[in-house]
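Q: Got a structure for you, questions after.
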């Protein structure tokens, strides 16, 4: 039976509820404006700078601001449009500027995320499911660090929006007419993303450029059937690419894929360079800015010197696990537990290749590397330990409470968390393959009789009743002979159909994980500070490319017979999505309440309320 996602009233209700739930974003901003009307924390720098631009003082710049002026230009455009249409605002305060962030978070970002997610599904040749797409977009917009800063005047929302828009145009330019014009628009949106935040270079140039290289190589090469490392290198120079599905890839397969990409890339060097020209233009523009600015950050250079902070690539895994456990928990249970103990409601029917914990030798390679990073490269920025208003202050307080804790986190939070997060790209299933039955004499007779009926109907339209009756009786007398397939042939057909189905579904492959990891690492390891905001774009890209939650096996084998069964199937399939929604709402309610109503004072600043935040 088909493995299409079941549709019932509950999924459609979730889809239509999305705009109403997104109203929480302006409501959150309104509450912040009531309780915290004045600029808070980084807003103290951003709000006066935006006000200077509003007064057309374009050359005024606060030397403490580290990011480019894109946020202030965005606010200027929206506020100028509002002034023309409504006659206000004539002067900008924190509330008016926060509203420009809300416009991005509640209107433009959901729209462009929906467009991007739909495009990604179509590129993968899968049927878009409107309810699932809309619910996924909603959950991304409710992602707690993203939701929290949507009510404040920070750069994160508009920065993410620019990256998403660049991704949309990168997909558009690969298909259809006017590709040159679309490429120019993509380059413009990519440069716009850099005007909002410097680290966006790793997403609009490295990430999107890497995906373009992989697409080009896959289009111009054949799939490699090699297994050994030497064979993979040789097949690469024969234009055969080794790139297994994430669901079938081991740790060593990622090493093989890296080597295969290099060898196939060398064979297709000129076409790759041509296809990456737009990304190279963006990289060149960024390089020119760095040379002109004598560094990456604009202000406070003494506190934001670039370095190698490898521990960031350890912290990201518990970060993802904390926020995304609702969509990870049941697939992970399917991976580690035998099918016999999993309730049918949550049994996804994963294959043997998908199931199981990481292999021992994988742990023996990865865990010592992680321990070495913890020992030699744990960097704690002075700002982290000096500011108890951020939750990350208390995380590091726990890690520093005993020397053994930071090492104990390696096999549990870092290694297992990383395995679960990367495995999530392979949480996909395929529909059952048609079962072929060898044709026997009774089968031949049934097939012949079926053919007779079709033939008789066709003859009836073309000839007289008498001649038609004669021809039909002749066909009845001699049923057509049919060849019998051997079991070996049937097995090969089954295997071929299974491979074709996987190719059509096009779930993430090892090459995508490598590109995503590269962009994530480059954007994080160069940052000395550990801030939850820095992980937003890596999380969003991870969340966008996760395959849909698997349909339980019992509902793939048999279609729901009535509305009640359809409701049960829909609940089982979308249960994780709803859990994610409720989890995000709970976190947002808790952190919002703490921010607004659980303030405290510093002894050195009496009378001034300090507030907890991400």
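Heads up, the Cβ atoms here are built off N, Cα and C, so glycines get one too.
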Q: Transmembrane segment per Swiss-Prot: which of the ranges 41-61, 230-250, 251-271, 272-292 is that?
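A: Transmembrane segment, as annotated by Swiss-Prot, spans 272-292.
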Q: Which range is it, out of 407-427, 428-448, 449-469, that shows up in Swiss-Prot as transmembrane segment?
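A: Among 407-427, 428-448, 449-469, the range Swiss-Prot annotates as transmembrane segment is 407-427.
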Q: Check each of the ranges 200-217, 470-487 against Swiss-Prot and return the one annotated as transmembrane segment.
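A: Within the set 200-217, 470-487, Swiss-Prot attaches transmembrane segment to 200-217.
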Q: Looking at 556-576, 577-597, I want to know which stretch Swiss-Prot calls transmembrane segment.
A: 577-597
Q: Looking at the candidate ranges 339-359, 360-380, report the one that Swiss-Prot labels transmembrane segment.
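A: Per Swiss-Prot, the stretch marked transmembrane segment is 360-380.
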Q: How about long-range neighbours of the transmembrane segment (407-427): same chain, 6 or more residues beyond its ends, C-beta under 8 Å?
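A: Residues packing against the transmembrane segment (407-427) from afar: 245-249, 314, 317-318, 320-321, 324, 327-328, 331-332, 335, 348, 354, 357-358, 363, 366-367, 370-371, 374-375, 399, 507-508, 512-513, 542, 545-547, 549-550.
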Q: Counting across all protein chains present, how many other Cβ atoms fall within 10 Å of the Cβ of residue 574 (N-linked glycosylation site)?
A: 24
Q: Using Cβ atoms and a strict cutoff of less than 8 Å, what residues sit near the transmembrane segment (272-292) while being 6 or more residues removed from its termini?
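A: Sequence-distant neighbours of the transmembrane segment (272-292): 173, 183, 186-187, 190-191, 194, 198, 201, 204-206, 208-209, 212-213, 216-217, 265.
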Q: When only pairs 6 or more apart in sequence are counted, do the transmembrane segment (131-153) and the transmembrane segment (577-597) reach 3 or more Cβ pairs under 8 Å?
A: yes
